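Notes to accompany the following structure.
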Amino acid sequence: MAHRGGEHGPPLRRRARRCAARPGRPLRRGLVAGAGERTPDACDAEHRRYTNPKEPSLITIDFTLFPVGPGHRVLDLGCGGGRHAFEVYRRGADVVAFDQNAEDLAAVSAMFAAMRAEGEAPAEATAETVRGDALAMPFDDNTFDRVIAAEIMEHIPHDTTAMAEMYRVLRPGGIAVVTVPSWFPERICWALSEEYHTVEGGHIRIYTRAELEAKLKATGFIIGPHHHAHALHSPYWWLKCAVGTTNDSHPLVRAYHNLLVWDMLKAPRITRVTERLLNPLIGKSVVVYLRKPRNDGDTG
């Protein structure tokens with residue numbers, strides 16, 4: 001089960017509750033220079049739910065499998081709205097939130113500042129934003145102890161180049177994590193709605209876990225554990241695809257949205273147990289943990 005993170009302390013939690021029930025602004029997400037920025041569309045709604053810093057955070061990574069803390073330098077590649085970068089910062093690591101989209105980075109930078117001002121992160125931790133291209137990152141080799149790539153590979157035409165850049169900037173022995181939409185729930189979305197997967201900047205491929213791991217292994221990574229996350233969100237997207245991906249006012253969509261907001265705010269036992277049971281079957285995301293070999297003889 002993915003760690004239910006994102007609790008930045010009482011002030012930010014209250015702010016999240018005030019904003020959670022209303023839609024956030026559309027986000028345009030950029031990862032690759034020259035690839036164009038995302039426009040306000042169905043996939044923006046997805047990233048608004050998954051990355052908007054004003055909504056209760058939806059953490060995909062299990063931080064027991066991806067430990068971060070003081071002394072770790074962490075890259076959040078394609079950070080979007082910053083959901084994982086905020087959690088990393090809260091845990092005391094030095095985080096770099098990296099993206100191509102200036103609007104997203106401005107919002108992330110503002111949230112970092114708010115966290116500092118309200119004491120929501122340890123004083124010794126640092127947080128910064130960097131704008132750049134995922135295919136040619138402006139960092140030296142072996143810069144980071146940890147690298148996060150959450151829900152970005154499915155957007156990038158040259159995904160193996162982005163994986164190679166992840167590998168390059170990660171220090172030997174460092175840990176990385178990649179999350180992408182799970183094959184089965186994503187296939188249903190594609191079957192129900194052409195709009196879901198044909199918008200500019202949207203999902204351009206569906207990975208099986210085996211395909212994703214094969215590409216990462218070919219890059220040089222040692223493959224570690226995996227799990228699925230956010231099973232309760234898959235039916236929401238099936239509903240959206242069935243009634244129209246921009247039809248947020250449909251009664252079923254609104255009702256399910258309210259259920260998800262309630263779940264994120266309250267985390268009741270019944271939904272936590274239900275999601276844990278359903279994750280292997282219909283988890284919206286598959287999460288793969290990786291390690292860069294310490295030396296040529298390190299095979300895991």
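Every residue gets a Cβ built from N, Cα and C, even glycine.
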Which stretch, out of 1-20, 21-40, is listed as region 'Disordered' by TrEMBL?
1-20
Structural state census, the domain 'Methyltransferase type 11' (75-177) (DSSP three-state)
38 helix, 31 strand, 34 coil
Model confidence over the domain 'Methyltransferase type 11' (75-177) (mean pLDDT, whole number)
97
